[in-house]
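Student: Sharing the record's features from Swiss-Prot:
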BINDING   Gly148, Val149, Ser150, Arg151, Thr152, Ser153, Lys154, Thr155  ADP binding site
Amino acid sequence: MDNKIVYVVSDSVGETADLVVRAAMGQFPFAPDIRRVPYVEDTGTLKEVISIAKSNQALICFTLVKPDMRQYLVTEAAKEGVEAYDIIGPLIDQIEEITGQVPRYEPGVVRRLDEEYFKKIEAIEFAVKYDDGRDARGILKADIVLIGVSRTSKTPLSQYLAHNKRLKVANVPLVPEVDPPEELYQVAKEKCFGLKITPDKLNHIRKERLKSLGLSDGATYANINRIQEEIDHFEEVISKINCQVIDVSNKAIEETANIIVNAVQNQKMF
């Protein structure tokens with residue numbers, strides 16, 4: 001039984017069937033010769049695989065989501081005396097029976113979900129790497145650039161957009177004593193969003209922040225005159241960039257995120 005040939009047939013990449021076959025074969029003392037046949041779209045290919053499998057006395061294991069293709073392979077393989085094992089079909093049928101929902105019958109759904117997952121991870125890592133202006137090079141690489149003074153929800157908003165919308169977001173804090181990075185004036189203004197907040201609201205938020213850290217709320221950080229100075233600087237920078245401004249004074253992060261996503265979609269940037 002050494003090098004028993006198994007043809008793995010799929011209407012997508014065939015990774016699912018390959019993994020299942022290897023897991024099953026791992027229970028036996030012989031090494032399987034697994035030959036993958038991916039992206040099968042027609043019965044002609046199935047007929048050819050059956051013929052080859054017959055000549056090699058091989059087993060066919062398959063993941064085909066379309067019922068007509070599954071039935072063709074099972075029927076024709078039986079006629080030729082070839083063993084064909086349906087890995088995913090019975091489970092799809094069982095789930096349909098239990099839930100009453102009709103399957104989509106779309107090949108490659110798992111792979112597309114995997115791709116979406118990795119896009120999300122990439123976006124999250126990007127948000128962490130380019131958070132709080134720690135590397136200005138991220139500004140030119142980002143899908144979205146958030147600009148604002150301290151405590152305008154730049155970081156949580158960046159993470160929300162990464163987690164839920166898979167957008168790569170860089171955020172830039174503005175303080176009067178530090179010139180904004182040059183990249184801020186080089187990036188397309190359509191990618192930039194200024195986060196505006198009223199002085200009173202920011203004063204309250206900063207005082208609460210200081211209290212949570214066990215510090216006096218009388219620090220310069222929460223001083224209303226200092227706050228106004230920062231907001232004036234913010235407005236000066238934003239006027240040069242000429243980007244969209246969102247008042248986040250009384251908005252939840254989800255609401256601000258939706259405004260940004262809608263703006264991006266309207267601009268047809270992606």
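Cβ coordinates come from backbone N, Cα and C, glycine included.
Quick caveat, the model's predicted, so the values are computed rather than measured.
Explain the structural surroundings of these features, please.
Tutor: With a cut-off of 8 Å between CB atoms and residues at least 6 apart in sequence, the same chain places Pro173, Val175, Arg206, Tyr221, Glu230 near Ser150 (ADP binding site), listed in sequence order.
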Student: Please determine which of the binding-site residues listed here (Thr152, Thr155) has the lowest count of neighbouring CB atoms within 10 Å.
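Tutor: Comparing Cβ neighbour counts within 10 Å for the binding-site residues Thr152, Thr155 gives Thr155.
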Student: In sequence order, which residues at least six apart in the same chain have a CB under 8 Å from the CB of Ser153 (ADP binding site)?
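Tutor: Counting only residues 6 or more apart in sequence, the Cβ neighbours of Ser153 (ADP binding site) under 8 Å are Leu195, Val248, Ile253, Thr256.
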Student: Would you identify the secondary structure of Thr155 (ADP binding site) according to DSSP, in three states?
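Tutor: SS state of Thr155 (ADP binding site) = helix.
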